[in-house]
Amino acid sequence: MSQKILSEKQYCTFYLDNHFLGIGVREVQEVLKYQPMTSVPLADDVVAGLINLRGQIVTALDLRKVMGLAHLDGRLPMNIVVRSDDGPLSLLVDEIGDVVEVEADFFEDPPETLEVSFRHLIRGVYKLEGKLMLVLDLERAVFSLVDA
Amino acid sequence: MSSNSGDTSGQIPEEVAEFLVESYENLDRLDQDLVILESDLHNKETLSSIFRTIHTIKGTCGFLGFEKLEKVAHVGENLLSKLRDGVIMINPGITSALLSTVDAVREMLSFIEQENYEGNGDYSALIELLASMTNGTLPQPSQGSNPATVPSSAPTSQDPISPPEEVQPEIHEPIKVGESSFVFNKKVSKPAPPQEPVSIAASTSEQVTVDEPLAVSPISDVSKDATPPNRGDVDKDKVVTSVSDANIRVDVGLLDKLMNLVGELVLARNQILQYTSSQTDSSFVAASQRLNLITSELQEGVMKTRMQPIGNVWSKFPRVVRDLALSVGKNVAIEFEGRETELDRTIIESIKDPLTHLVRNSVDHGIETPEGRIAAGKARDGRLILRAYHEGGHVNIEIADDGAGINPDRIRANALKKGLFRADQLDKMSEREITNLIFAPGFSTAEKITNVSGRGVGMDVVKTNIEKIGGTIDIQSTPGEGTTIKIKIPLTLAIIPALVVAAGGQRYAIPQVSLVELVRLERDQAKVDIDSVYGAPVCRLRGNLLPLVYLCDLMHTSTKKIEDEAVNVVVLQADERQFGLVVDNVVDTEEIVVKPLGKQVKNVDVYAGATIMGDGRVALILDVMGIAQRSSVISEVRDRKLSELSASSTLEVGERQTLLLLGVGDSYRVAVPLSSVDRLEEFPSDALEWAGDNQVVQYRDAIMPLIWLSSTLGVPSATEVDSASIQVVVHSGHGRRVGVVVDRILDIVAVNMNLEKCSIKSQVIGSTVINDRVTDIVNVDEIVQSALVNFIDSSNFALAGYGG
């Protein structure tokens, strides 16, 4: 699996609670500011709503809920639209960061001390200057959730 | 069999027109193939392809009775078969002769197209030449001589092929590139005369720009000018242009894509129209009105490209009916009406199987044997009529037979036997409702299992499939006279009219197919008309009780409505039942484009999809069936669920259940699933009799043993021994009836059960709180079983005469 990590050099970063996370740029279709959403009553909790992405209806997932974090207060979330087999899928995050370039040497497996439920959804950590970037495991965190 | 008369190419019968189109295409390919063959003499593949083409033409024209054409094609084919088998080697002379054959065929085809016969051309020289080549008697004819003997095709065919050598690269390329997407005539690749359309477009746009500053009327003139030529010209063109030019094969995927784009355009149009309503700029308003018009027409046009006549599906039925009728020893004549009725191809696909099943069903079960028919005073041969016609944005398909019809009594008996319904439920049903029971899951009236029934597609599947595409199915039957099944399906699935409603601050779209009516109850009226039966809200509508579902409650959203305001009820049809959906507001009707939902929300059964509204926001499309099921409006489903539950003796936790509340002893409360209750009866105490050790009553011509619930559960009974009557819950299971005597029958409630296991008694499934009282849910089946063991062995018991 780490081979796959190594292949990805650039990451689209974002903030979630006090975490700094990244998704491989190739998995990201686009990033958007807050979009008006239509909520879907009776759907799973992690479904934040549906957004109109240039005529395409895209499901927005509350990534904080997915990761078991507290609800975002007082601010409007932003969208990271990722590609999935089922079409685009939007992840709601607190704030979008830069696209960062990483060196494979600075990669490490997720620290054992991370809470299990959270650690499960992280592929590993890049030690960047001044901060750590957690690589989100889209497969586990988002796409597999879809089948549940 | 009726066939459609009005077709596009004047006098030419439809099958001939099809033959022409196909042949022209084949001939164009033949030209290339022959040229390829000349440069690559040993290309077996090309040779067989040429052979096949000529063979097809020969076969078809023989079938259609064009003898001359057939003759020419036949000798061509003979020569080709020799070539293919390697008996003769190809040489330029042979190629020329073959090309001449192609020309001759083409010439005859164009005669057929214009005059409906092969023309007066004399092809005997060509035929002779080909024959002699085939026999090897004229091995090396000089190149120039044979085309000369053959009438040149140039003056007759519309666009004579220029010297083939030049054509080859030109033609071959585009076709290879286009591969699957287009099989087009060479004429198509020829640039269309550019001047005319361009000049029209130019003049139109000029007019628009000139007129723009002016008010609405000139622009609407423009739109008038701009649209009719499209329509008129198309019709005229059809007559004038040759058949081959009027048709072009297009990849279905491309059409689907076009349809999607038009869907997007419709949405964009809706958005602009909504914006327009707040604008005063008259030229903008006019332009957007024009956009509206054009979009509608475009939508209609693109939709038409995907339309197929229903005859395509029907065409295989005569065979199906014949084979089946033969195998079951019946005589059935099938008739068609409205073969040309068109439907979207996606719908055609999805009705294929249901229709086949219904047709088979009619032959198998509907129409009687010849002897039976004669005995009933009918003609020996049964008639099966398939009818299709358009009606208000829908297509109706009827499958009518003049067979025995459906006997409602038999259905009633069968439904009872299968335990789908209780006798009292059936008593309340109208004859039509009973007839429609054949669509209920698990139902089959077939007395004999033939190889037709039991194929895994029941009537319920037919119904489900029809409903899946937003259609309805209805059955009408007169015993002795026949059965008519009527299917109503939408023209297309992509764009549907919908009612937009609001609830809990959100908008929802409801497909208009399921809409029955809108009822607005003013404040005072609402208080009178809306009532509740055991906590379930109902509405009095013209003397009937209409179950109500509050959309806000269903969605667990809070309503903004104030108690005192009027109530908006959207009356919907789900299955055979109607129910009222209470919404905060009825917003509008709109054409919506159905878009699928992502995997994450697809499993929520109350949504059929989503759409984008005029303001760009997403709105969910409600699935009326899903809502009905979720809110237990459709009783069959609920009953079925419950009976399944009682059968497995488990109750799913957290599921909504309808329970019969009973009182035992002074304060003990129990509840049983309503589905396990057959009837509630009251017997006078003196009706109690003894049969051996058992207390029994005479009930419905049988002896019904009684069980005291109180003693079974070990609770002292509160019923005084000398009370005048006893309350009995009649339960039937395993083909017999048993009366469970209870102290009090309290209520029927629908609750979400969260069961806790508090008792170790096997008869008690669990405990829950109902109406603020702890209530044990008991398993009647278990009670009856355990009680009966105390009496007698159950096998003896069955012999004692219960249930027959």
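Using the three backbone atoms N, Cα and C, a Cβ is placed for every residue, glycine included.
TrEMBL annotations: computationally assigned, not manually curated.
Noted in TrEMBL for the protein shown:
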| type | residues | note |
| --- | --- | --- |
| DOMAIN | B:8-112 | domain 'HPt' |
| MOD_RES | B:His55 | phosphohistidine |
| REGION | B:136-166 | region 'Disordered' |
| COMPBIAS | B:136-160 | compositional bias 'Polar residues' |
| REGION | B:187-236 | region 'Disordered' |
| DOMAIN | B:253-493 | domain 'Histidine kinase' |
| DOMAIN | B:495-633 | domain 'CheW-like' |
| DOMAIN | B:656-789 | domain 'CheW-like' |
The domain 'CheW-like' (B:495-633) and the domain 'CheW-like' (B:656-789) contact flag, 3+ Cβ pairs under 8 angstroms: yes
For the domain 'HPt' (B:8-112), residues assigned helix / strand / coil by DSSP: 86 helix, 0 strand, 19 coil
PLDDT averaged over the residues of the domain 'Histidine kinase' (B:253-493): 81
Nonlocal neighbours by CB distance (under 8 Å) for B:His55 (phosphohistidine), same chain, sequence gap 6 or more: B:Glu77
Tally of residues which DSSP labels helix, strand or coil - the domain 'CheW-like' (B:495-633): 26 helix, 75 strand, 38 coil
Secondary structure composition of the domain 'CheW-like' (B:656-789) [DSSP: H/G/I, E/B, coil]: 21 helix, 76 strand, 37 coil
